[in-house]
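Heads up, the thing below is written out as C-alpha cells.
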Amino acid sequence: MKFLLVFDFDHTIIDENSDTWIVRCAPERKLPNGLRNSYQPGHWTEYMGRVFVYLGDNGVKEDEMKRTMTTIPFTAGMIDLLGFIGENKELFDCIIVSDSNTVFIDWILKASDFHKVFDEVFTNPAAFSSTGYLTVQHFHAHHCAKCPKNLCKRKVLKEFLDKQLERGVSYTQIVYIGDGGNDLCPVMFLKKNDIAMPRQGYTLEKKISQLAQSLSPVQCSVLVWSSATDIMSYLKLLIKK
C-alpha cells in the first residue's frame, strides 16, 4: 500500500507566489510599469526572465535573493503536515509539480529542512549565470492547449506514473493538492479512486465547481482544504484504512 502525494508549490506549500515575492528585492520593492505590463498570458516564464534581468541590472545579488526568499511564510498547518509526511515516508511518495523554479524551491525547502520529504521536484530549471544573473528556462515542451506553454502538469504526472510503473511501483491512491488554474489539467487526469484537494477560495476550487455545475464533473473525489491540517486529517484516515 503506497500513496502518491502531488503538491503544487505557490499558494499551496507556501502562502505566497514565490515569483512575485522576489520583487521585494527590487529598488523601492516594485517593478517599473513597462516591465510589469509586459506579461502576456501563457508566457509567465519569459516575463520572469525579464524580471530577473532587471534585478541583475540593479545589482541584486544571489545572497540577497536567497535571504528574501527564505522569509516566505508556509501556509497554515503546512509545517506540521510536511513533518507528518516525513515521519511516514514508507507510505507516501511525494512530488512537487510547480510553475516556480528550481532555485527558489530548493532554497525554501532546504532552509526549512523539508527537502527530504519530496522524492522529486518538477519545475522550471533556473541557475545563476557567470555574471550573477538568475536565468530560468521552460520545464518542457508539450501540445496541451489548456496549459501555459512551459508546463503541462498532466504530462508531468503521467510521465512520472509511467516511469514508476516501469520500476514496479503503483499507487493505491493519488492525492493531488493544489490551488491554481494550471492544476485543473492534471486533476482531470485523475481516476475515481484518486482525490483532488483544491485550496478553498482559489481558482482550482472554482474551476472544479464550474465543471460540476455544467454536468461534466471530474472523475476523482474532491475534498476542499483551507488549512494543511485538513489535509493531514485526511491522510491519517487514509493510512488507518
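Just so you know, glycine gets a Cβ as well, placed from its N, Cα and C.
The feature active site, nucleophile is assigned by TrEMBL to Asp8. Counting only same-chain residues six or more apart in sequence, the Cβ atoms lying under 8 angstroms from the Cβ of Asp8 (active site, nucleophile) belong to Ile96, Val97, Ser98, Ile177, Gly178, Asp179, Gly180, Asp183.
Annotation source TrEMBL lists active site, proton donor at Asp10. The Cβ neighbour count for Asp10 (active site, proton donor), using a 10 Å radius and every protein chain shown, is 22.
Here TrEMBL flags Asp8, Asp10, Asp179 as Mg(2+) binding site.
Counting only same-chain residues six or more apart in sequence, the Cβ atoms lying under 8 angstroms from the Cβ of Asp19 (substrate binding site) belong to Asp10, Trp44, Met48, Val51, Ser100, Asn101, Phe104. The substrate binding site feature in TrEMBL is assigned to Asp19, Asp99.
Taking Cβ-Cβ distances under 8 Å and a sequence gap of 6 or more within the same chain, the neighbours of Asp99 (substrate binding site) are Asp10, Trp44, Thr45, Thr123, Asn124, Pro148, Asn150, Leu151, Gly180, Asn182.
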